[in-house]
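Asker: Here's the feature list from Swiss-Prot:
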type: ACT_SITE; residues: Asp276; note: active site, proton acceptor
type: BINDING; residues: Gly111, Gly113, Arg114, Lys134, Asp146, Gly147, Arg197, Arg204, Asp286; note: ATP binding site
type: BINDING; residues: Asn277, Asp286; note: Mg(2+) binding site
Amino acid sequence: MRGGPCGGYPRRMTAIPDSTVGTNTAVAGLESTFADELGALTVPWQGAHAPDPTLLVLNEQLAASLRLDVQTLRSEDGVGVLSGSTAPAGAKPVAMAYAGHQFGGYAPLLGDGRALLLGELTSSDGQRVDLHLKGSGPTPFSRGGDGFAVIGPMLREYLVSEAMYALGIPTTRALSVVATGQNVHRYGAEPGAVLARVAASHLRVGTFEYAVRQGEVLQPLADYAIARHYPELTELPPGRDGNRYLSFFEAVVEAQASLVAKWMLTGFVHGVMNTDNTTISGETIDYGPCAFLDAFDPAAVFSSIDHGGRYAFGNQPVVLKWNLARLAETLLTLFDSTPDDAITAVSAVLATFDERYDGHYAAGMAAKLGLAGELVDRALVDDLLTLLEEHGADWTGTFRALADELRGHSTPLDGLVPREHIGPWLERWRGDLTKHGRGAAETADAMDCVNPLYIPRNHQLDAALRAATDGRLAPFEKLLEVVTHPFDRRDEWSDYTTPAPPSFSKSFQTFCGT
């Protein structure tokens, strides 16, 4: 979240510094189409000076895909840009304005309280992406916060977003984390840091919630979003019959239904599914209070501020649909000539969310169970989930153990669910597997390709971030290596498959630190 706690209202600063043109060429090729075309949704701004910036981690593979020179990024000029101290030559850094529903309550103005959009780059595959800094200092949207961030949460977002990318889940990505050399007061004094984030864009449901109340900017915003994310829709009529904008809404519904299904299949708990954290692109964004399931529990909540369990693991599809309804409300004036027709049209599209989600989830679960290409028996899935919940079985470990079961190795599964309880279910599952005629070994190998062995286990990530805060990066670097190879079994990584001990899980909480 931006600017202090995860909620609250912003206050405007009284002065806005000039957006000066720098001479630093460490990040070349930045464009500013969002700021140029939608200036009403931005405030020109500069990052705060970092007194002693030190590069902690650099995503060299991502840098190369953005056609950025790695050695230049590691130079003094490069670190200056990545820390927010120096604006790249020709850049027009801005803080982005948006609103949002936070835990169901509407906040009319949120915005980048500790972040800056430096501009856009074109990747080697021709995709336009944002380069965004997080923790770069106060902005007009800081809401009384200091605008800074600390090492632990920035490294957390770096590692988890890269793990999600390796898992094949749409996500923003991390280019770097730079320590600023300045302490920030959170739970005592902690070392400050800035994350450089790369995203398909930073357009959110909350961006539209803000724009709809700003007069003429809504339609240009919708057209920009379509051109950027769903260009196949640009040829549709833009008139008030709603073809283009209704199709745009449908595309976002589809993208988000697919995304949340992937979360549910992976055991990912986002933790703060506010509308300002729901992207138009369908990417996962904001990893502040996120976590991963160990024991399967639909009611699992890890966020310290989610007292009512609104964003519990099992609630995520319902919440996502609710967020999409808020997007629909902002687009009504673009759909049809009468309010009733507009509501009817958008409601019909929103009503398809459940079927879309169910389809993505069923296909994903079929693959996890080795039934890819087959219609999965809903009762088979539901009964497995009941068994896992009743016995507190590890979500990630269960599906790898099922593959081992097909190979004749029963010990892993026996350690998760007693044989006398899961035995009848296994017979039904094996019966379904025989229908597609694939051998047991081949099926097990296929399952291993979609069921990760390594995820960012909560206790291991927590330990790595504590060590990094104390100046020891080695545990973080090792965990990063492991979770970015989630399907590759290596004997030396066996410790990384172990769920957290019950004593840890009982008290573990996440915080909205990013």
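The backbone N, Cα and C atoms fix where each Cβ goes, glycine too.
How buried are the listed features, and what sits near them?
Answerer: Of all Cβ atoms in the shown protein chains, 25 besides its own fall within 10 Å of the Cβ of Asp276 (active site, proton acceptor).
For Arg114 (ATP binding site), the Cβ neighbour count at a 10 Å cut-off comes to 29, with all displayed protein chains included. The secondary structure of Arg114 (ATP binding site), as reduced to three states from DSSP, is coil rather than helix or strand.
The local packing around Asp286 (ATP binding site), expressed as other Cβ atoms within 10 Å of its Cβ over all shown chains, amounts to 26.
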Asker: Can you tell me how far the Cα of Asp286 (ATP binding site) sits from the Cα of Asn277 (Mg(2+) binding site), in Å?
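Answerer: The separation of the Cα atoms works out to 6 Å.
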Asker: Tell me whether Arg197 (ATP binding site) sits in a helix, a strand or coil according to DSSP.
Answerer: strand
Asker: If you skip the near sequence neighbours and keep only those at least six away, which residues in the chain come within under 8 angstroms of Arg197 (ATP binding site), Cβ to Cβ?
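Answerer: Set apart from Arg197 (ATP binding site) by at least 6 residues yet with Cβ under 8 Å, we have Asp130, Leu131, His132, Leu133, Lys134, Glu157, Ser161, Thr172, Arg173, Ala174, Leu175.
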Asker: Within 10 Å of Asp276 (active site, proton acceptor) (Cα to Cα), which of the binding-site residues Gly111, Arg114, Asp146 do you find?
Answerer: Gly111
Asker: Calculate the distance in Å between the alpha carbons (Cα) of Asp146 (ATP binding site) and Asn277 (Mg(2+) binding site), and round it to a whole number.
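Answerer: Checking the Cα atoms of Asp146 (ATP binding site) and Asn277 (Mg(2+) binding site) gives a distance of 21 Å.
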Asker: Have a look around Asp146 (ATP binding site) and count the other CB atoms within 10 A of its CB, chains all included.
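Answerer: The answer is 18 other Cβ atoms.
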Asker: 10 Å Cβ neighbour count around Gly111 (ATP binding site)?
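Answerer: Its Cβ has 27 other Cβ atoms within 10 Å.
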